[in-house]
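Working notes, structure below.
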Amino acid sequence: MFFTIVSGLKEKTAERIIRILLFTGLALFPSIWQGKFALGLLTLMAVYGILLIGLDATVGYLGQVNLAQAALFGLGAYGAALAVQADAAFPVVLLAGITAALLPGVALALPTLRLEGPQFALSTLSFATLSVIVLNEAESITNGALGLSITRPALFGFSLDATGFYWLCLIILAITWSASQSLLKSRFGLAIEALRDSPIATDALGIGTLRHKALAFAWGSALAGLAGALHALNFGYLQPAAFGYDLMVILLLGVVFGGRRSQWGSFTGALVIAMLPNLLSNRTFFSSLAAAGFVIALIPVIRTLLSKKIPSFTAIAPALAMMISSGLAFFAPNVEDWRKGIFALFLFATVVGLPDGLAVALAKTLRKLIRFSPDPLPQAMGGLRPLNTASGTALKVTNLSKSFGGVKAVDNITLNIANGEILGLIGPNGSGKTTFINLISGLYAPDHGTVEIAGTHPAPGSLMSAFAAGGARTFQNLQPFSGLTALESIMVCQRNSTKAEAIGWLRTVNLDNKSRLLCSEMSYGDLRFLEIARALATRPRLLMLDEPAAGMSMPDITRLIELVTSIKRAGIPVLLIEHHQDVVAELCDRVAVMDGGRMIALGTPDQVRSDPKVIEAYLGVIETDSKPL
Ligand SMILES: Nc1ncnc2c1ncn2[C@@H]1O[C@H](COP(=O)(O)OP(=O)(O)OP(=O)(O)O)[C@@H](O)[C@H]1O
């Protein structure tokens with residue numbers, strides 16, 4: 001960038017000002033421009049805005065391909081239309097629309113949200129198909145393919161004309177936008193983003209995956225119903241075919257094109273899809289847009305070439321696509337036939353060149369041009385405090401076994417950890433250590449045996465139940481919440497705690513100066529410390545650390561030893577899997593050794609070090625870091 005404007009404004013304030021200006025401009029539009037057609041398009045844009053903000057909850061925030069939104073929109077529209085026919089008052093009509101989409105939306109969410117990827121997409125597709133068939137076939141209620149006509153009722157005695165109705169849609173869009181923004185920035189929204197990145201970690205930290213997924217889907221469905229009701233009141237005529245595959249694809253296009261996980265993105269997407277038919281029919285406008293798109297797509301290519309590097313595929317492909325689409329827009333003799341093809345090239349260029357969508361890319365550019373002042377952070381509070389436990393047992397494992405096919409990963413292990421104790425768990429690779437922690441933390445259900453955490457028997461195979469009993473864990477394969485910052489990663493794990501306390505936990509692991517950093521930008525070592533802070537923030541009665549030093553540099557290992565020592569001082573019992581012998585020897589009160597799923601030794605580090613069975617187990621597998629103590 002050539003210059004950067006330093007702004008005293010906070011980004012949030014700047015965003016709010018721009019949004020207020022946008023809505024003021026949109027509200028004033030009918031007094032500046034009297035055209036009925038333009039007003040109709042803007043009303044449609046406001047309705048689509050509400051619909052896409054709802055769709056973004058699942059497609060953007062949850063990261064699931066939801067193909068049911070068009071059908072839910074239709075159900076909302078029919079719900080509202082039937083309420084109008086029953087002479088319901090205006091607010092009741094809106095409520096009927098919301099309910100008509102919300103109930104089937106929740107009914108769909110509960111079984112399908114356990115599914116992921118293509119399975120989820122296909123089940124929402126089945127729902128969409130079925131809904132349209134039901135709307136078609138339930139002729140006695142919906143009038144089938146012939147369609148349903150309604151007249152818009154008065155709102156509190158006022159008969160709304162086209163401008164009045166447009167303003168109403170605009171107000172509802174503004175409220176939906178603010179409500180969505182607050183909701184998705186709250187702990188609830190952070191939880192949704194966290195579970196998209198790691199559902200295992202969210203369950204293990206007691207955040208709750210299914211509950212949050214269902215709520216996000218319900219929110220999206222309710223907005224689909226609200227938008228559907230407004231759509232019915234806007235057009236006054238409904239046909240089931242209008243809510244089929246075409247609309248489904250267009251809505252997805254709107255969210256992706258505009259920008260996911262952003263209300264600005266949904267708004268931009270709504271603007272594009274509302275204008276789409278018009279955009280495709282106006283050749284001059286269309287050609288100018290293609291030319292402008294080509295120039296914009298050329299910028300990254302030229303910049304890379306100027307710095308004497310070879311442009312990447314993500315730079316070349318959009319430029320090529322835009323070059324072809326501009327060529328067709330200007331020179332194709334039968335451009336009418338080519339319109340959809342040209343638009344497909346537009347879409348390809350945007351998806352490849354701006355994977356985050358138009359609005360998000362624009363926001364990123366603005367952030368480079370204008371330096372906003374960051375939100376001030378409160379002083380760190382809290383952190384490690386002595387755990388209030390009497391002497392007793394933190395973990396009691398009895399005859400625990402788990403096999404995978406013929407492999408006995410954990411074979412009849414009985415083990416206790418006392419409150420305040422640090423127990424090391426070592427063993428050669430594949431000896432069953434991680435499976436043991438997976439059984440205690442509820443990731444796996446045991447074949448036999450029992451687990452008791454702080455006096456409670458959690459339900460076997462339930463991460464949430466083991467968490468509720470007081471267990472918290474880290475993972476051998478890191479499970480960061482990549483879309484969240486370090487601070488947000490802690491806040492999402494805390495219930496009823498403040499930002500100051502979250503910073504306190506970051507200070508405990510020496511990351512308080514990185515609170516605003518996204519997890520995707522953090523180093524491997526820092527992420528390992530952040531996982532420990534996340535687990536500590538849940539105030540566990542048993543902390544399970546799975547190879548925390550793996551991949552860490554020597555200075556980080558020293559930091560880790562200091563941290564675990566202070567955890568011990570606070571009296572938090574720890575089950576520590578570790579290959580680094582110096583870490584185990586320095587920290588652990590006792591060490592258990594596993595080999596082939598069995599526990600072959602248990603004692604102090606010194607006792608274990610000289611145990612012949614331990615030496616034998618390690619011989620033959622000792623390479624670099626897996627040495628006996
Ligand atoms: N989900 C699974 N499905 C099938 N086999 C598994 C599964 N999880 C673990 N195993 C097997 O169970 C055995 C124990 O694996 P585990 O990961 O618990 O060992 P480990 O001691 O933690 O090893 P490492 O030190 O390499 O992490 C291995 O043979 C492994 O292949």
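Every residue, even glycine, has its Cβ placed from backbone N, Cα and C.
Same-chain neighbours of the transmembrane segment (17-33): 9, 39, 42, 46, 163, 166-167, 170, 174, 177, counting only residues six or more beyond its ends whose CB sits under 8 Å from a CB of the stretch. As annotated by TrEMBL, transmembrane segment applies to 17-33 (among others).
Sequence-distant contacts of the transmembrane segment (39-59) (same chain, at least 6 residues past either end, Cβ-Cβ under 8 Å): 26, 29-30, 65-66, 69, 73, 162-163, 165-166, 169-170, 172-173, 176-177, 180, 184, 192, 216-217, 219-224, 226-228, 230-231, 234, 251-252, 254-256, 258, 260-263, 265-267, 269-271, 273-275, 278. The transmembrane segment annotation in TrEMBL covers 39-59 (among others).
If you look up TrEMBL, you'll see 66-84 (among others) marked as transmembrane segment. Below 8 angstroms of C-beta separation, residues 51, 54-55, 58-59, 92-101, 104-105, 108, 120-121, 124-125, 127-128, 131-132, 135, 141-142, 148, 150-153, 217, 220-221, 224-229, 231-233, 238, 240, 242-245, 247-248, 251-252 of the same chain, each at least six residues beyond the ends of the transmembrane segment (66-84), sit close to that stretch.
Per TrEMBL, transmembrane segment is recorded for 90-110 (among others).
According to TrEMBL, the transmembrane segment annotation covers 117-135 (among others). With a cut-off of 8 Å between Cβ atoms, the residues of this chain six or more beyond the transmembrane segment (117-135) that come close are 64-68, 70-72, 74-75, 78, 104, 108, 111, 142, 144, 240-241, 243-245, 248.
Look at TrEMBL and you will find 155-177 (among others) tagged as transmembrane segment.
Taken from TrEMBL, the feature transmembrane segment covers 214-231 (among others). Residues 46-48, 50-51, 53-58, 61-62, 66, 69, 72-80, 93-94, 96-102, 104-106, 108-110, 113, 168-169, 172, 176, 180, 183, 188, 192 of the same chain lie 6+ residues outside the transmembrane segment (214-231) yet bring a C-beta within less than 8 angstroms of a C-beta in it.
Proximity of distant same-chain residues to the transmembrane segment (237-257), defined by a Cβ-Cβ separation under 8 Å and at least 6 residues beyond the stretch ends, is recorded for 48, 51-52, 55-56, 59-60, 65, 67, 69-71, 73-74, 77-78, 81, 128, 131-132, 135-136, 142, 144-150, 265-266, 268-270, 272-273, 276, 347, 350-351, 357-358. Feature annotation from TrEMBL assigns transmembrane segment to 237-257 (among others).
Within the chain carrying the transmembrane segment (286-306), a Cβ under 8 angstroms from the stretch's Cβ atoms is held by residues 279-280, 312, 315-316, 318-319, 321-323, 325-326, 328-330, 339, 342, 346, 349, 353, all 6 or more beyond its ends. Sequence annotations record features per position, and here TrEMBL assigns transmembrane segment to 286-306 (among others).
What TrEMBL lists as transmembrane segment is 313-335 (among others). Sequence-distant contacts of the transmembrane segment (313-335) (same chain, at least 6 residues past either end, Cβ-Cβ under 8 Å): 283, 286-287, 290-291, 293-294, 296-298, 300-301, 304, 341-342, 345-346, 348-350, 352-355.
According to TrEMBL, the feature transmembrane segment maps to 341-363 (among others).
According to TrEMBL, the domain 'ABC transporter' annotation covers 395-621.
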* Asked: Is the transmembrane segment (155-177) packed against any residues at least 6 beyond its ends, judged by a Cβ distance under 8 Å, and which are they?
  -> 19, 23, 26-27, 30, 36, 39-40, 42-43, 46-47, 49-50, 53, 90, 223, 226, 230, 233-234, 263, 267
* Asked: Sequence-remote contacts (6 or more beyond its ends) of the transmembrane segment (341-363), Cβ cut-off under 8 Å?
  -> 253, 255-262, 264-265, 267-269, 272, 276, 280, 286, 290, 293, 297, 300, 313-315, 317-319, 321-322, 324-325, 328-329, 335
